[in-house]
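> Sending over a structure as structure tokens; questions will come in a sec.
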Protein chains: 2
Amino acid sequence: METRPAPEATAEPADGGPSALRRTLHQRGLRMTPQRQLVLDAVRDLGHATPEQICTRVQSAAPAVNITTVYRTLDLLERIGLVRHTHLGHGAPTYSEQEHQHVHLVCHSCGKVTESPTDLMDGLAARLLAESDFVLDPSHVALSGRCRGCRDEEEEQS
Amino acid sequence: METRPAPEATAEPADGGPSALRRTLHQRGLRMTPQRQLVLDAVRDLGHATPEQICTRVQSAAPAVNITTVYRTLDLLERIGLVRHTHLGHGAPTYSEQEHQHVHLVCHSCGKVTESPTDLMDGLAARLLAESDFVLDPSHVALSGRCRGCRDEEEEQS
DNA sequence: CTATCTGCAAATCTTTTGCAACGGA
DNA sequence: TCCGTTGCAAAAGATTTGCAGATAG
């Protein structure tokens, strides 16, 4: 886990930079605080991370921030649509930017998480709609399986 | 949540009825106990259920069984290949028979779980293998989206 | 100023572990 | 009898809640 001071290179998607958070909060009568900015930065920075990982990251910039605040803030950021959480298969949910629409591929052998574009699911989504009247949300849940590396290892042993 | 006394209509897949559990356990030097049969019955009976739901079901037949035993037994049944767990998207994993290979469709609006045959995923599995060298395990993780009922409701309101 | 936020501590909830007693083979 | 298994209680880990003080607007 690195400790550098939160690069902002990719921190500004088309629809909003740092002050966009302030605006979004104010629209709903909520307040801008350093903690909220730090949590959002951490989520963007880490890609997809558990509340605890996010907390660690935040604390590397502001050690006084409590994990309670991280939980509350993630919940809030999700309610106002800035982040979303995904269930990667094990216990902890992971949070990422709302805009980052991708499918998670989780190897249940080594735990590695890969991302693929959501259009991978287009065919499946169409079939689900036709056959089961089900509108798929491709980025919410991860697909489980075995990655290349683990497959190779297994083959070597047999 | 119902409390009827555990129908056994679907409790005997081709490869093994009640005494198959005893045999499978003995093969590995493990012992047959009433608790283990009850937990396995509950898993088969409930289709896919959380440890707590399984425990409630088991206790309706044998109130003294402790939830600790349910956790340990599910773990054991999974290790010996009789049940498997699936992450339905919320917190708790759910357990079902190993043989029940199906894709779970979870509506994140009403929480309803539908099952579809795994061959729904065949096309996706092939693409993942080709494009990402990833071997998909279709029954381990649920797909999230919105079911017919909830979609209709939403449309009515707009 | 005032209502929203935060930090801290304690409460909850879920799952795991240690240990003595129980019971299957 | 012997050793795997169980129940109980307590531990451990994750998330939530209550409350008094801090602070954004």
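Note that Cβ sites are derived from N, Cα and C of the backbone, with glycine treated the same way.
Nobody curates TrEMBL annotations by hand; they come from automatic prediction.
Pulled the feature table from TrEMBL, pasting it below:
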BINDING   B:Cys107, B:Cys110, B:Cys147, B:Cys150  Zn(2+) binding site
COMPBIAS  B:1-14  compositional bias 'Low complexity'
REGION    B:1-21  region 'Disordered'
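Mind running through what each feature is packed against?
Long-range Cβ contacts of B:Cys107 (Zn(2+) binding site) within its own chain (separation 6+, distance under 8 Å): B:Val113, B:Thr114, B:Gly145, B:Arg146, B:Cys147, B:Gly149, B:Cys150.
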> Take the binding-site residues B:Cys110, B:Cys147, B:Cys150 and keep those with a Cβ under 8 Å from any chain A Cβ; what remains?
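From B:Cys110, B:Cys147, B:Cys150, flagged as close to A: B:Cys147.
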> Please list, in sequence order, the residues in the chain of B:Cys110 (Zn(2+) binding site) that are at least six apart in sequence and whose C-beta is under 8 Å away from its C-beta.
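B:Cys147, B:Gly149, B:Cys150 - these are the non-local Cβ neighbours of B:Cys110 (Zn(2+) binding site), listed in sequence order.
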> Could you check the binding-site residues B:Cys147, B:Cys150 and say which one's CB has the fewest neighbouring CB atoms inside 10 Å?
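B:Cys150, out of the binding-site residues B:Cys147, B:Cys150, has the fewest neighbouring Cβ atoms within 10 Å.
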